[in-house]
Amino acid sequence: MAVSQERSVRLGLWVLLLLGAGMKEVVEGCSCYPAHPQQLFCSAEIVIRAKISGEKIVSPSNSSSPYMKMIQYEIKMIKMFKGFDKAKDIQYVYTPVFSSLCGVKLDSNNKAGYLLSGSMWSDGRISIGQCDLVESWDNLSLSQKKNLNYRYQMGCECRINTCYTVPCASTGDNECLWTDWLLDNSLNGEQARQYACIRRSDTTCSWYRGGPPPEKDFLDMTDP
């Protein structure tokens, strides 16, 4: 199942369970499938950089459940990286009020703004959550900022396989092995912050960094 599909199914089932059981409190936290930033970029419908200019709580007109409430963030879009065919200008993004339902808290005092990725509802509204690519712009590496422009998109046909244990072997030429967790016990390691898995001219996929290679020896540094 694709990352976006799995994320949507998980959140959707959780909301249905809450409503069906008539629960008065949230008893489970948000859980996201581990994903490289490139995977989150490729699975998103919209990817933008934006500043937060305001927020308010909104509720569907046909529901009184507190778990259906959303935070409506008013934004000033700085740049769009993906979604040109879906939206010309975005003024608001929406996220669940509760962090246990994968809602995210954004700060209007963040002068550099945020990288926001998400999906578009049938009514045209943009939904974001903890399982999306949502990060303070200042926390991104220079390579990540460059990769947003075209490298991540170049690798959307490639598969990134997360390695948790040894051995971890590639199952095809269109795959990159993501070893951050294995080597650094982190999902925000060297490969996540510095590399993109892109398709080369011979149709194989490999990690690429547009700069000098690091000391780690698991990467294919050949230019595509």
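Just so you know, glycine gets a Cβ as well, placed from its N, Cα and C.
Automatic prediction, not curation, is the source of TrEMBL annotations.
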Q) If you look at what TrEMBL says, which of Cys32, Cys42 makes a disulfide link with Cys131? A) Cys32
Q: Check TrEMBL and name the cysteine among Cys42, Cys102 that pairs with Cys156 in a disulfide.
A: Cys42
Q: Determine, on the basis of TrEMBL, the cysteine among Cys30, Cys168, Cys176 paired with Cys102 in a disulphide.
A: Cys30
Q: With Cys168 as one half of a disulfide in TrEMBL, pick the other half from Cys163, Cys176.
A: Cys163
Q) Minimum Cβ neighbour count within 10 Å among the recorded positions Cys30, Cys102, Cys156, Cys158, Cys205: which residue? A) Cys156
Q | Site of maximum Cβ density within 10 Å, from disulfide-bonded residues Cys32, Cys163, Cys168, Cys176 | A | Cys176
Q) What's the CA to CA span in angstrom from Cys131 (disulfide bond) over to Cys102 (disulfide bond)? A) 7
(Q) Please identify which of Cys131, Cys197 has the densest Cβ environment, defined as other Cβ atoms within 10 Å, among these disulfide-bonded residues. (A) Cys197
Q. In sequence order, which same-chain residues at least six apart have a C-beta under 8 angstroms from Cys42 (disulfide bond)?
A. Tyr152, Gln153, Gly155, Cys156
